[in-house]
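S.K.: Provided herewith is a single structure, encoded as structure tokens, for subsequent inquiry.
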Amino acid sequence: MIGVSEKKKSATAASILLWIYSCFTVFVLGYMVYNSLRPKSELLTNTFGIPKSLGFDTYIKMFTEQKFHRYFLNSTLILGATLVLIVIFASMVSYALGRYKFKFKNALQVYFLLGLMFPASLGVLPLFLLMKDLHLLNSYASVILVLSAGISMPVLLLTDFFAKMPGEIYESAILDGASEWKTFYRIMFPLASPVIFSICIVMSVQIWNQFFMPLIFLQNDSHKTVPLIVMKYTSNLMLSMDKAMVASVIATVPILILFMIFSEKILDGVASGGVKG
Amino acid sequence: MSFLAKRPFLLFLLPGFIIYSLFVVYPIVAAASISFFRWNGIGPKTFVGLDNYIELFTSSEMMSQFSNALLNSLQIFVLTVLILIPVQIIAAYLIYNQVKGYKFFRVAVFSPQFISTPVIVFIFMLLLDGNVGVFNKLLEWIGLGEYVRPWLGLPGYGMNIVWLMMSWSGFGVGMIFFLGAMKMISKESLEAGYLDGAGFWKRLFSIILPQMKITILNMILITYIVSMTVFDFNYILGGVSGGVDHDVDVMALLFYRIAFGESRNPLGGNISENSMGLGSTVACVLFLLIFVMSMLQVWLTYRRREEV
């Protein structure tokens, strides 16, 4: 019993830390949403005063004049295509590495891990030249290809999964006359779906918030992603403070709501990735 | 066909291998080779051996920018290791012990991860602003009005503010990693500690921490890689030049500036003429800085496993 009450005391004292952090986070979100409902004149001259008017005027402007949904579509397109490609590439590679035994397997495993050590952003000069030669500058394909090549982390997680899977499942499928390929996509791939789900979650956050690659490869306004377009509004605050606020809210809140809904699964997925990675 | 039939794994490997080699591995190799040339990407490409490396480390203008950026990057690394990681471990330990409201904390602490960098920088700029900033208002309100200042314009504060923004947004991920590592620790060793009468904190320091050394080492390495490659916070806050007098310049931003040029304040014909060569040189130095640390990490981990 002594242990319990003592635990309570020190834990309560230390959790003030968590309270401060959480309150700040909630405050930031509230601050953003509240200010997004105020007109520009109020934001600059009546910052701390009682609001005279609140409304969705700027939101309407963002979708009619500024065509904000277009950037949402751009981001969604890049995210969707990249995720599909990552899942295809990574699951096939990991299946080969986890299921089969062959020469140079260990060397290949190390080869696929190199990407964890060397961030893609440092290789961007040769990438830029490569994309120029392929005539892919200013196209979604450039960003999608570069991002979907980053399969090191998914390969690491999935190889482990396929290697630990009991061999009988594979052997009975082959005995039933299924081809190697059919065994993979009909039986093995569905079995891996929980791991693939958590990989998708972790990668989605990275891809959605990706700043560097779109900055380099997507120079046209019409192709820009949400983070880049938010920066367009925040870089000239005097002119577009209200739009910057609304853009921030639109870029943040829907994703946060999705996170709240799936939080249990997402947090578990991230935790397992961290232990192995 | 029979060659492939005997080796079904080849077909599974091929697509991923090609795209990974082309867009991840090839750029590293190509950057290394470009760093031995004097080249701006379009004009003539002349082999100059190690001249780019010599220029980077002997030209006083280059060297001062390089050391400034490196020190700023290292500042993020040191602050994170000394302050953020201990706090993350304590927070993870609290949630591990299921303190009151731990489910809420888990979500609240992880949420900023989903906010994209331009939004984070924008909000912090507003909060710390000299005129409309909430932070100054708060200082006045609690009677510290004399400390009110335009925080973002002050020289010397820039990197601390960048670190604060990064810590706020990255806090949750690291904490979840530590939490995951704590959950892997066997219940028996904890119960043994309980029976020995080890207190709340003693259990953390003498039972849990020694068992998650590898995770902590991994996090330190990840922190190092992140601080060497952080770009977006500094770029959004300080532009291509990294703020006034390169106040918030970091390694990745220096690399970007040399490679893609500084539109407002070009460093001079010498550098823009050799943008690809010198840019790749900076990238290679960064590769090396990361590689050395990774090898050290592998060696430390390996040695530990030998001991056990």
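Positions of Cβ are set from backbone N, Cα and C atoms, glycine also.
According to TrEMBL:
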- B:12-37: transmembrane segment (TRANSMEM)
- B:70-297: domain 'ABC transmembrane type-1' (DOMAIN)
- B:74-95: transmembrane segment (TRANSMEM)
- B:107-128: transmembrane segment (TRANSMEM)
- B:161-181: transmembrane segment (TRANSMEM)
- B:216-237: transmembrane segment (TRANSMEM)
- B:276-302: transmembrane segment (TRANSMEM)
S.K.: I'd like to know if the transmembrane segment (B:216-237) touches the transmembrane segment (B:107-128) in this structure, counting it as a touch only when three or more C-beta pairs sit under 8 Å and are separated by 6 or more positions.
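M.R.: These two stretches do touch.
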S.K.: Considering only Cβ pairs within less than 8 angstroms, which of the stretches B:12-37, B:161-181, B:216-237, B:276-302 has the most against the transmembrane segment (B:74-95)?
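M.R.: Highest pair count goes to B:161-181.
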S.K.: Residue list, the transmembrane segment (B:216-237) vs rest of chain: Cβ under 8 Å, 6 or more residues beyond ends.
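M.R.: The answer is 73-74, 76-77, 80-81, 85, 89, 117-118, 120-121, 125, 152, 158, 161-162, 165-166, 170, 174, 177-178, 209, 243, 248-253, 256, 286, 289-290, 293-294, 297, 300-301.
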S.K.: Same chain, outside the transmembrane segment (B:161-181) by at least 6, Cβ under 8 Å from its Cβ: which residues?
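M.R.: Those are 75-76, 79-80, 83-85, 87-89, 91-93, 95-96, 106, 109-113, 115, 117, 120-121, 124, 128, 151-152, 212, 215-216, 218-219, 226, 230, 233-234, 237, 248, in sequence order.
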